[in-house]
Amino acid sequence: MKLRYLNILKEKLGREPTFVELQAFSVMWSEHCGYSHTKKYIRRLPKTGFEGNAGVVNLDDYYSVAFKIESHNHPSAIEPYNGAATGVGGIIRDVLAMGARPTAIFDSLHMSRIIDGIIEGIADYGNSIGVPTVGGELRISSLYAHNPLVNVLAAGVVRNDMLVDSKASRPGQVIVIFGGATGRDGIHGASFASEDLTGDKATKLSIQVGDPFAEKMLIEAFLEMVEEGLVEGAQDLGAGGVLSATSELVAKGNLGAIVHLDRVPLREPDMEPWEILISESQERMAVVTSPQKASRILEIARKHLLFGDVVAEVIEEPVYRVMYRNDLVMEVPVQLLANAPEEDIVEYTPGKIPEFKRVEFEEVNAREVFEQYDHMVGTDTVVPPGFGAAVMRIKRDGGYSLVTHSRADLALQDTYWGTLIAVLESVRKTLSVGAEPLAITNCVNYGDPDVDPVGLSAMMTALKNACEFSGVPVASGNASLYNTYQGKPIPPTLVVGMLGKVNPQKVAKPKPSKVFAVGWNDFELEREKELWRAIRKLSEEGAFILSSSQLLTRTHVETFREYGLKIEVKLPEVRPAHQMVLVFSERTPVVDVPVKEIGTLSR
């Protein structure tokens, strides 16, 4: 904990904090949990949807999509397999906690080389729980040598009448924790994720260990509880464990809680109370319910071979009281726990758009990664990995699109414009599959905001301005700061996850045709919406469209080959730094933007 934060805590408590309180506040006031540097910026963003563990956006009168992106950067740097695997598990539970069945996973990976453990961790976890990994992006650069970025997006479909809130609503409710048993893994994981990676700061206890088969049981058990009307509120046990989940549930409802740590199911019997409180053991959920429903919840948990118990009561007094075998362990105001100190923000005024140079990341065939993922489990994947946005079908009717996108190569040259272009190019990719953009989730990956607060301000200002320009609001998000090694930061990397609404039956597939480059060589903000109108028009006419920041990659070539097609194009001598839009059509597109024939797609 920062010394300034410690002094604030002493002042608020009116005394010296106890050992247990220091452990608790070091977690809850960490950057990972408390968002001290970004909370004021986040309040400025245009928002949409039902907020909770994940953002929820309506597709129609019957269905909504819950979706969110999160980072597991620090754990994946230390222990690639478990770090990446538990990143998948955690974001799946965030979506699940809204009452949604998880239906899709996307990843955005930035590293200096393909780290097999990270790929295997994502693949093994996603494949084992039966949720398809339908796409993502892979960027290889030495700029991420010591700080790989592992950002994972999950989405799920929920009936509008089955949405679950993320708070307690009245005194007298109880909180049930169920899932895997609690051990010492992941203790102070949230604090570790808020630090520079230099030196020997990470220990085995900082890295969570996942069990995808327990996660699968957890998914089915929780959805059964929701279907029976037993769940009145829910929270994933992620960063901060029991402490974070139970305190957030009551803080959001302006209530309090009495937590009994001796009721938490353990797999290590000699754990200290503070260890039980902040352990980040995986595959656990907290459910708010009525006392009379608790026994049925525990019955369902046992049926699915999961542990569980009633661990807390919701009270009217706004305090967070922790007990262990009838001894008082901690008692503090619940809102003090939930509201970390906030750092002042820096106002940023953008300059003119620069003349970007192409910063080539190492080209890789991402199909070598995609092929480790099961993208067809569930049989709802309409557009598979390889071309950008994925399209998912909803069994009743309709569908949604997802895409992840980043432009660290541009943000490295100008943080503001590189970040803004990443959002606007995500709109291009979404429109390219015939979808209408609905909302975004985002992950702000940044270095040290104490050293360079201006860069963070540039990122957050660009995100706000891009959302306002495009009319696509934010539904959820995540910030991962202190991605530094020996004081050297990563490039400012905003990863955008964009959700769109689409009719899967009208999604174009590649077929033999001419290839056209559509749009301008230079990025011009005032003309961007003209390009969007052109993409929308051509998509409605049935053209297959590919938007790519590298024009044509090995991944695209190999993906066309999967369709039995061969692409031949003449690349321009000077390729633009921004994303190009390729239109595949038998005749020259008729649109109000520049069009140039550059090749063919043939059998």
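Note that Cβ sites are derived from N, Cα and C of the backbone, with glycine treated the same way.
What Swiss-Prot lists as active site is His32, and the listing cites experimental evidence. According to DSSP, His32 (active site) sits within a helical segment. Using a 10 Å Cβ-Cβ cutoff, His32 (active site) registers 26 neighbours.
Long-range Cβ contacts of Lys68 (ATP 1 binding site) within its own chain (separation 6+, distance under 8 Å): Asn53, Ala54, Gly55, Ile91, Asp94, Val95, Leu153, Ala154, Thr441, Ala475, Ser476, Gly477, Asn478, Gly497. For Tyr35, Lys68, Asn442, Gly477, the entry in Swiss-Prot reads ATP 1 binding site.
Marked as Mg(2+) 1 binding site by Swiss-Prot on the basis of experimental evidence: Glu70, Asn478. For Asn478 (Mg(2+) 1 binding site), other Cβ atoms within 10 Å of its Cβ number 23.
Per Swiss-Prot, substrate binding site is recorded for Ser71, His72, Asn73, His74, Arg93, Gly189, Gln208, Glu280, Ser281, Gln282, Ser480. A simple way to gauge crowding: the CB of His72 (active site, proton acceptor) has 30 other CB atoms within 10 angstroms, across all the protein chains here.
Marked as active site, proton acceptor by Swiss-Prot on the basis of a curator's inference: His72.
The secondary structure of Asp236 (Mg(2+) 2 binding site), as reduced to three states from DSSP, is extended strand. Taken from Swiss-Prot, the feature Mg(2+) 2 binding site covers Asp94, Asp236, and the record attributes it to experimental evidence.
Of all Cβ atoms in the shown protein chains, 22 besides its own fall within 10 Å of the Cβ of His556 (ATP 2 binding site). The ATP 2 binding site annotation in Swiss-Prot covers Asp107, Gly136, Glu137, Leu138, Arg139, Gly388, Lys429, Ser549, His556.
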Around the Cβ of Arg139 (ATP 2 binding site), other Cβ atoms within 10 Å, all chains included, total 22
As a whole number of Å, the Cα atom of Lys429 (ATP 2 binding site) is distant from the Cα atom of Asn442 (ATP 1 binding site) by 16
Here the 10 Å Cβ neighbour count for Asn73 (substrate binding site) comes out at 26
In the three-state DSSP scheme, His72 (active site, proton acceptor) belongs to coil
Greatest Cα separation in angstrom, residues Tyr35, Lys68, Asn442, Gly477 binding ATP 1 per the record, works out to 16
Within the same chain, the residues at least 6 apart in sequence whose Cβ is under 8 angstroms from that of Asp236 (Mg(2+) 2 binding site) are Asn53, Gly90, Arg93, Asp94, Leu96, Ala97, Ala245, Arg284, Met285, Ala286
